């Protein structure tokens, strides 16, 4: 096999040389591997997210690339299966990918040890290990947005500041029965002790299409506020069940996974007043999205339906690539081409107060802190769109970092 | 012509009862074993770690399930849970300082113990009802792992495998992990090939075909059903440990979900129920074909002959894969093993059409 591939490569190389002589000598492209789940679990979430990523990269290429280098994408479906993700990752690494985004918790968790050994940057925005924010232990992994722990503190702090304080309140955490659903528990428990509120967790079985038994328990607990913690179809069921069990919309707060599509599916004005954590601004009136509209969507280069542009997950996808491209730019300016995983890592660590021209909170990534500060805001559905209620802020990062340090230490010991 | 059967007369029991009595079959096996042993030297690390390694390990898992479903006729739709018990047991044992060799044994025993408890349901129910009982095992084991942080490994629910040695060989390099998996798969393969010829194997087949008829001829169905669950779960548990240490290197509950159980059942069925070579072919089909299809399609799409959205590109392999499964089952209900068997029979008498027997 090896000699054959070498032969193939040499033939391809010779052909490329021949063509390159005729055409203008181009700068070596930068390769990003977007190996995501398009077919199994995340469905429309991945589609919108991926569309945002691709459209942004297209915009970067249309406007001259990164220091003249075009960005190439390697796209594969992993169906959320670790073994398929690892195969796609190994292949992409051989093709020279310097960055990989699985957008799938099981796959990225299985890849952690490998990217650390291979020195390939893995971005884990809104998925993967929360403790990867600890840059010393996980040098090549960048969560780069608020982890689930930071999201829970932002939500709790919102109740504390804007909904009559936390003390003496009853807070119900209604979550999917999976590691992801249980993730905020330690943080919220610490907060409950510190702030003196009563916390109870209610789990519903995966995948969350049937939750009625759980919610009748929640009703008996008579919570003041409900934090719902799920993803995909389960979120709509949670909101519907909460309303049916007499919980008012404004007292329902959600993890980041609640978007326009969910509002449409819940129907009518039922979702009005429901709050959620927001990592990246929504809508099309951001400078970045306007540029994408002008350079990519209007000339017809868009990767999917134009109606998705500006949706929650689309914008999150744009934001991840905006940060990655910024990191690549910084790395190229500092260290020059060709870009390697190590240079790109250092590029990420040079990011300071980057907010994608106002679309996201200003993040600063350092060698220690790969989370970027844990910023977010709370927004509410007003019947037509998600309307921000607060400015960008972060809360109780001391508690979050205690948990990060603890888990990262566990990872170091176990390895 | 290829197999050269004429004139071969077995004059000793030993030669006629050999695993491969025909010389040509033996030669094929020798070539395959040699290829497998030399794979790290001629395969690139991509094909070694992403194709051969998972294929071998999943084959071992499918073989374990073949023992239960194919030979003993007991349906099991929760076999991923058996793998999970093995994986978690071995990690916790090695973390506690137990040598890897004993951790493998412990993983097998723990899986066998819990597997037998759920297998006991097989004493009362059969067929679809047994499927339900084993499904219960899948969900219960998953639930326990997720809800007991001491097992799953805290808030991240991820446990990395510690560095271990097997018989003084450190299991770190790609080649050593590959040889470990190869060793285990070969052991399971030889075990299954031989079980088929022992009184134990024949008793399992008797229980599979009609359990009360087996009781009439003096085979105790209670004993043999439990033994089948014990043996298959033991093999499954060790395979789970191998899967964790040689391939994933970090385990999370999602790696052993219900879909993995279904995949394992599909491997056994598509490969051919009860066939050893079928487990190899079935594992390759279910595990590797989607990957190959995805890559072929991505390669074709890279020429941009026509504009296709990334979403459609991702879904076409699913359609092709589905069509292939239906095709295999329609064309050859006995699975891929039967296709191999037909080919072999054809070449045994080639260039003639029929054999004398």
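Backbone N, Cα and C define each Cβ position, glycine as well.
Note: TrEMBL annotation is automatic and uncurated.
Just so it is clear, the model here is predicted, and its values are computed rather than measured.
Straight from TrEMBL, the features:
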- B:28-48: transmembrane segment (TRANSMEM)
- B:55-88: transmembrane segment (TRANSMEM)
- B:100-121: transmembrane segment (TRANSMEM)
- B:128-146: transmembrane segment (TRANSMEM)
- B:177-195: transmembrane segment (TRANSMEM)
- B:226-250: transmembrane segment (TRANSMEM)
- B:256-278: transmembrane segment (TRANSMEM)
- B:285-306: transmembrane segment (TRANSMEM)
- B:312-331: transmembrane segment (TRANSMEM)
| message | Given a Cβ distance threshold of under 8 angstroms, which distant residues of the chain, six or more beyond its ends, lie next to the transmembrane segment (B:128-146)? | response | 74-82, 84-85, 88, 114-115, 118, 121-122, 152, 157, 253, 256-258, 261
| request: Using Cβ atoms only, state whether the transmembrane segment (B:100-121) and the transmembrane segment (B:177-195) have three or more pairs under 8 Å that are 6 or more apart in sequence. | output: no
| note | Top stretch by Cβ pairs under 8 Å to the transmembrane segment (B:28-48) (candidates B:55-88, B:177-195, B:226-250, B:256-278, B:285-306) is B:177-195
| field | Stretch among B:55-88, B:226-250, B:256-278, B:285-306 sharing the most Cβ pairs under 8 Å with the transmembrane segment (B:177-195) | value | B:55-88
| What same-chain residues lie close to the transmembrane segment (B:285-306): Cβ under 8 Å, and 6 or more beyond its ends? | 50-51, 54-55, 58, 263, 266-267, 270-271, 313-314, 316-318, 320-321, 324, 328, 336
